[in-house]
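Structure first, commentary second.
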Amino acid sequence: MLAALLHSPLPRLIPIGMILLALQKTLFVELQPFGVILQLVLAFAASAGAAGGSERGALAGFVLGIMFDLAIGTPLGSSSIAMGLAAWVAGMVHLIRIDATWWISAIFVGVGAAVGETSVPVIRRFTGEEDAFVPEMWTIVPVVAVSSAIMSIAFVPLARWSLGLARPEWKVPVDA
């Protein structure tokens, strides 16, 4: 059982998530384009979906969301739903192409991050928060989507490594 845990993506995913969470809670609280805190952990979760597909991405989003909830103090699992949904949506890129180019992955990461960020107020409302819907969502969602798409250029290869994936190799059939 311990060997299965050591060969899973968790030993690589958790330290990367901790580093990104630390950066998001320290450095990126001060650097706010258009008054919006950039969501590094959400962008990495969506990038994991674009790199590994919907199922692996949702698992990575769930783990990263649990880490986010434990660090922030929100109800446990509320961010996991949003990040898992973002990663699942970004993982839909594998329905279009088996080996997606960087710009197609960036588009899907941006869409996934937008879906994840849009679902946060809905989830927070279900958990009993009164003022979950804010008028600034019209600014927050596009900034998070565009910044996640830009960050995906670095995050998709990092997510591919953290999930233990290799690029697919295509062999040309040889006539015998």
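Any Cβ shown, glycine's included, is placed from N, Cα and C.
Not measured: the values here are computed from a predicted model.
Annotated features, as they stand in TrEMBL:
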TRANSMEM  12-29  transmembrane segment
TRANSMEM  36-53  transmembrane segment
TRANSMEM  59-88  transmembrane segment
TRANSMEM  100-120  transmembrane segment
TRANSMEM  140-161  transmembrane segment
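Taking residue pairs at least 6 apart in sequence, the transmembrane segment (36-53) and the transmembrane segment (100-120) share three or more C-beta contacts under 8 angstroms.
Taking Cβ pairs closer than 8 Å, the transmembrane segment (36-53) reaches residues 13, 16-17, 20-21, 23-24, 28-29, 60-61, 64-65, 67-68, 82-84, 86-91, 93-94, 100, 105, 108-110, 112-113, 116-117, 136, 139-140, 143-144, 147-148, 151-152, 155-160, 162-163, 165 in its own chain, all 6 or more past its ends.
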